[in-house]
Each structure stands twice: as C-alpha cells, then as structure tokens.
Amino acid sequence: MIFIDACKRQPTPYTPIWMMRQAGRYLTEYMQTRERAGSFLDLCKNPELACEVTLQPVEILDVDAAILFSDILVVPMEMGLELGFYQGEGPRFSQTIRTQKDLLLLQEGAENRLGYVYEAIHRIRESLHQEKALIGFCGSPWTLATYMIEGEGSKTYAHSKKMLYSDPKLLHAILAQVSEALKGYLAKQIEAGVNAVMVFDSWAAALEESVYFEFSWEYMKEIASFVKARYPHIPVMLFPKGIAGFLDKIEGDFDVFGVDWSTPMDLAKAKLGDRYVLQGNLEPARLYDRAKMEEGVDHILSIMGKESGHVFNLGHGMMPDLPRENAIELVKMVRQKSAR
C-alpha cells in the first residue's frame, strides 16, 4: 500500500494523497446515501451505509486511502451521554459532565458497544482494493472532553477552561476515562481491519502552551504509545489543529504529524520533518479555484520535495460546496507533479 509505505518513510512512486472529510456533502452520492439512512447518526450506526459512503470518494476521486466514515462523538455517546445532531446547529449532548457527581454518568467499556463501527470496518476492508489503505480514527481526549463539558461545540470553551484552571483534578479524571475508552476503541478498530489510525485534536488551539501539553498532548501521546506497543506495524497519525507555535516541544512515539492549513509547511518540516512523516496541508478553500489550487500544490511540493516523508492532504476538512471536479483534479495533479 503506497499510503502505508509513505507513513513508514519507504520509497513510493509518487506522494500519496487522501483528504480529510473526503466522504461528505460535496458528493451527491453521499447526500443520496445519507437521505436513505435517515439522519447523520443513523448513517454512522448503519454498517452497510457507512461502508458505502467510505468507499464513494475512493471510487470517485481515486485517493490512496479510505477513512472510516463515523464521528468522533460516538465514543462519549457510548459512554452514556445522549447525542443528537441538529440541522444548522451541529451535535449536542443532552447531559454534561461538569461535577464529580456527573462523572457517575460515564460508563466503562464504551469500546465494547461500538460493534456497528467494527462491522463497517469489516465490510469496507472486504470491498476496498488491496492497494488502498483504510484509516481508523478517534478524537483526542481533550477535544472529546470539551464536547462532554460544554454539551456542544463552543467558541469560548468557557466551562472547559473554568474546570481546567479551577478544578484540574476533575478534568484529568474525565480525560483519563476518555483515554481508556479510546485505547480500547482504536485497538478494536485495528483488530477489525484498519491499516492506520489517526487522532484528531480539533480544539488544540483553544489551549495556551503552558497547559496544552499537560491536558491534551500527554494524553494523545499516551494513546499513541499504547497503539505502537501493541501494533508496531500500524502507523499512528496525530493531528493537533492550530499549534504552530508549539512545534518545538512536540515529541512522542507516533509516525505521522498532521499539519493544518494555518501552519507553514516549511516551519513544520524544519521542526519535525527529520522525525515524523508530515501530512498536509493544502488550504481547502483553494479547491474553489483551479489555478489557486495548483498554486498551493506547487508550493507544498516545492517544500516537501519528491523524497519520502510526506502524505498530501488538506489542512482541514473538505467544505460542503467545493466542486467535486476540482477534488478529482487535485488527486491527478498531486500524482503527476510528485511522480518520482
């Protein structure tokens, strides 16, 4: 698998490419399948349809890897928090975890209640071409904890930050419990057939440097070490969004560092490129214009070169109204321009 070879810094005929949120609303096929499912959450919990939407971008775009179609919030949901997705508002939990007593709401063994995810993985791996990799994933403990504490997405993270500074022991207790569930979840994804795993720290930038490493990075690092100790052949990818200023302190037992669009690729290469394969980092909005897209591709490839050590990706997820023709062209463009 070209993608796996690249994650292990082995020679590849070109720079492999896949895209975050490559299964999404910009594809009419996805929208049709989602309509058949009934709701976003129903789609996540239906192995047959989750398999279908996972495979769609591989067939349409010819990317080098599929990423499991699911949502990071299925873990806290299976820990006991009732989850709903609301039109125009996004996900929301009906309960929040803000006190020691609230911790009692959380049930252990969430990884054992996610059978629909593992069944989807079995189906995807059976249907996916053997040269195409399948990526499993989870959210970071910090990112999941913010949803569990706030009850929904937030711009200020007021409750989470209040807990961090006024009751750090409680926050650590939440993070530890989430981390244990995530370790089991990734292990079961690997046993079900994924070829690599990725941890998304979507809200990393909410924290200042002095607390980021204690309350987020250390937990991600621990999860990565857990996976590498048990499955050394499985590449582990970490994606902490928006921490360009912290790159000097990044270390741990993982393989691939995801670079978001706001982090200069040359900076990431200078700070991390000798230790980790870098993944990224095209600004997704460039896909609105073919010329701007090509300009971005040329810039990234000029920095990363044609040697191993790079997986091409967007620096954030695909936007719902991006022209699919440009996504198809992006894959061809990267393959052609990075050919060894």
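Yeah, the Cβs are placed from backbone N, Cα and C, and that goes for glycine too.
For reference, Swiss-Prot has these:
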type    : residues                                                                : note
BINDING : Arg21, Gln22, Ala23, Gly24, Arg25, Phe40, Asp71, Tyr147, Ser202, His316 : substrate binding site
SITE    : Asp71                                                                   : site 'Transition state stabilizer'
Most Cβ neighbours inside 10 Å, all chains, among the binding-site residues Arg21, Ala23, Ser202: Ala23
Most crowded position, judged by CB atoms within 10 A, among Arg25, Asp71 as binding-site residues: Asp71
Taking residues Arg21, Gln22, Ala23, Gly24, Arg25, Phe40, Asp71, Tyr147, Ser202, His316, which bind substrate in the record, the widest Cα spacing (Å, whole number): 23
DSSP-derived structure type at Arg21 (substrate binding site), helix or strand or else coil: coil
